[in-house]
Amino acid sequence: MDTKALHTLTYGLYIITAKKGDRFNGQVANTVFQITSDPPTIAVSINKQNLTHEFIQAGQGFVISVLAREVPLSLIGQFGFKSGREMDKFAGINYKLSEGGLPYLADHTLAYLEASLNQTVDAGTHSIFIGTVTDAAVLLQGEPMTYAYYHQVKRGTTPKTAPTFTVGREKDKTALASPKYQCTICNYVYDPVQGDPEHGIAPGTPFADLPEDWTCPICGAGKDAFEQI
């Protein structure tokens, strides 16, 4: 079986948020889809190991923030490669509350949809949470971030708990003639040809010439967490 066929499927990139008691948590997800229009019903796939999974079950609802294409990698890193068990993911984040009191991102978000959980489907490592939309609004005009754009243009990577993660797929196989370095935490690849313009690193800057305080654009790891590939 050629599993590369799965790579032809298209996805978006979203922040899924939920509430448990007086605490908020959220994560990046790419498997979000509309099921029906009357009533408007949406679904999201969440790994059972993730804290957000626990929060959705406890709060019986969730919010989807539709990310804009221009979203910084650092925001994706905060919600996609860090655990809410170890930190407050909303620290330093500009967010607002939906009608149901659930958080959504106020910046870099085209729209949000709040859903009341009405069904959970067991999908092995993941649960598919199905909910009826109870609140929604368009916040910005623009192009949504897609999974393909995130990987091909932003050079982003996939958390191991994502439904689309494939072992070995995140390793860059580029020849060593143009040395690239890969983050051992989140698999981000620093390419000297492209640099890191978002953080002031010009294209053509070798990894060795990066400032000592430079950190991974996605997860924030230091240079010592990178290995040549």
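Our numbering is plain: 1 for the first residue shown, then up by one each step along the chain.
Cβ atoms here come from the backbone N, Cα and C positions, even for glycine.
The model shown is predicted, which means the values in this text are computed figures rather than measured ones.
According to Swiss-Prot, the features are:
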REGION    1-158  region 'Flavodoxin-reductase-like'
DOMAIN    178-229  domain 'Rubredoxin-like'
BINDING   Cys183, Cys186, Cys216, Cys219  Fe cation binding site
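Recorded features from Swiss-Prot, shown on the structure.
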| residue | record | Cβ within 10 Å |
| --- | --- | --- |
| Cys183 | Fe cation binding site | 24 |
| Cys186 | Fe cation binding site | 25 |
| Cys216 | Fe cation binding site | 26 |
| Cys219 | Fe cation binding site | 23 |
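The region 'Flavodoxin-reductase-like' (1-158) scores a mean pLDDT of 93 in the predicted structure.
Cys183 (Fe cation binding site) carries a strand DSSP state (E or B). Taken through DSSP, the domain 'Rubredoxin-like' (178-229) splits into 9 helix, 12 strand, 31 coil.
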